[in-house]
Amino acid sequence: MKLAACFLTLLPGFAVAASWTSPGFPAFSEQGTGTFVSHAQLPKGTRPLTLNFDQQCWQPADAIKLNQMLSLQPCSNTPPQWRLFRDGEYTLQIDTRSGTPTLMISIQNAAEPVASLVRECPKWDGLPLTVDVSATFPEGAAVRDYYSQQIAIVKNGQIMLQPAATSNGLLLLERAETDTSAPFDWHNATVYFVLTDRFENGDPSNDQSYGRHKDGMAEIGTFHGGDLRGLTNKLDYLQQLGVNALWISAPFEQIHGWVGGGTKGDFPHYAYHGYYTQDWTNLDANMGNEADLRTLVDSAHQRGIRILFDVVMNHTGYATLADMQEYQFGALYLSGDEVKKSLGERWSDWKPAAGQTWHSFNDYINFSDKTGWDKWWGKNWIRTDIGDYDNPGFDDLTMSLAFLPDIKTESTTASGLPVFYKNKMDTHAKAIDGYTPRDYLTHWLSQWVRDYGIDGFRVDTAKHVELPAWQQLKTEASAALREWKKANPDKALDDKPFWMTGEAWGHGVMQSDYYRHGFDAMINFDYQEQAAKAVDCLAQMDTTWQQMAEKLQGFNVLSYLSSHDTRLFREGGDKAAELLLLAPGAVQIFYGDESSRPFGPTGSDPLQGTRSDMNWQDVSGKSAASVAHWQKISQFRARHPAIGAGKQTTLLLKQGYGFVREHGDDKVLVVWAGQQ
């Protein structure tokens, strides 16, 4: 989850005119939005480590380690000591995209760990390719190009094939006797991420649940109608796309109303994305009902597709007029007839008048009224600057991210249920003696696994919750999935355990502490820009792919090109397919990557444009060729675990760029002919 744009103006301006500095390092240079880098030659020894930005001093919050993501906090009296074990060129990289800065320290190795065999981008004249396959396929073997379905017989260690006209010069080579997809492996997963509300409307009757409605403008932050039934309707499409895991936005009940959207408050922002949860025991009515969810999960499993829920344990949603009125918490500055006159019969129908914005509803709310706000979540559940609640802290674990109420997941005090649940008659939450907020959250979330056979979670804002909480979630969800599979042997896809991946801004291909606390993979934030540098020459991915294939023999990452929190990757047209789908490790397609879904309206929040409606009209229209290209490469990936899980050997070819990936008995050879 990215920070809500309506609050960005209140955060430190990490990405503006001021520059980061650190003693002993030259001024940092910006490398992409929100990331800053500086290099320095340093001697072996011990030195203090502090960083400065706009007269604010920052220091690592934890022990200083190389190649680890370190959270930064305001400086205390004693700066931490950094022990340098050898002379070398050190790099400091600061990432501010999550709203709180993080630091990564690395050192230049004496020799490159992996040297690319590609010196310049190969050129191709469009003629058939003669490929030496002697080290991959035996003499006399029948080798198939999966893309074109051509078959060639290995003769004198070589084959000759013509890349298909629509393949961008690719040959996807496998043994011709390969006739089915291999058993599923999370290291080779192709995950399709959808914001359910923006994908497909399968049930228009639920579009205006809880009194939600359109804004009559650009509909930037309103609910658009996508739901669980719509997802089920498109499972055949996803299966044809080679998808074997579907990550859906959190389907739990969200705040019912809206908050002001964008820095200018120029649109109402509803929780269509699933990141402002209000009740983890209910489905949001806009998403559908429990029968819809069961049908989705069962139908997906029948097609070999796993279901992942997006989950949030760091924060709740904002207070909205709709929820204040319905659940009787909070306080207004208005009284008597003033309430109806200013807000109307139904408060959520309020609209800004001349001179007001969608932020202006806050002017009617008395955020200091202790009695009124005690009726909301309660002090045992959250910290926030509202009422008599404990104030948020300044570190990653206790801060109020984008001014969202921070859940006290670290608390060891029994909390009872959220206070306003007393007025929420439809909740399935039951009080459990001794339970803390963390206990309730992990119990509620794992219950969805136990009831429906959910295969995994994608964890939002992982760095803002203490690691033991994630381990607790993984342990409980894993037990729940085992129970479900035992009770539903006819529905279970296999005996694979519960899978969990997480979002920690700036995380790359490194085996961090998250992997020791329940996570099977972390989202790879580095891959988007690495791929952008290779859109004109696939061979330029060689070093990145070699390094990933080598490192990922011991762990896994989830790499992406586009996301709802960064940008849509539209460079190179359908070349994005091979850039993503041939990557080592698990990969994530963001809905519409395959069909070049257009950027949508944004107002004063540029991220909103990444969440546009799925362009179904283009799938069978102007983007049909692109979709077919994605399908072929993704289906090839699904047939071969070696692509995601295998070791890579780069080949020195007379023409083009090529590599072999090998995992167990599975072996493939991929050739890119070169630029035409």
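Any Cβ shown, glycine's included, is placed from N, Cα and C.
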Recorded disulfide counterpart of CYS57 (Swiss-Prot; options CYS6, CYS75): CYS75
Among CYS6, CYS537, cysteine joined to CYS121 by disulfide in Swiss-Prot: CYS537
Nearest recorded site to CYS57 (disulfide bond) by CA-CA distance, among recorded positions ASP460, HIS464, CYS537: HIS464
CYS537 (disulfide bond) CB neighbourhood, other CB atoms within 10 A: 18
Separation of alpha carbons, GLU503 (active site, proton donor) and CYS75 (disulfide bond) (Å): 26
Coarse DSSP state, helix versus strand versus coil, of CYS75 (disulfide bond): coil
Within 10 angstroms of ASN314 (Ca(2+) binding site), Cα basis - recorded positions out of CYS121, ASP460, GLU503, CYS537, ASP565: ASP460
ASP565 (site 'Transition state stabilizer') and HIS464 (Ca(2+) binding site), Cα-Cα, nearest whole angstrom: 17
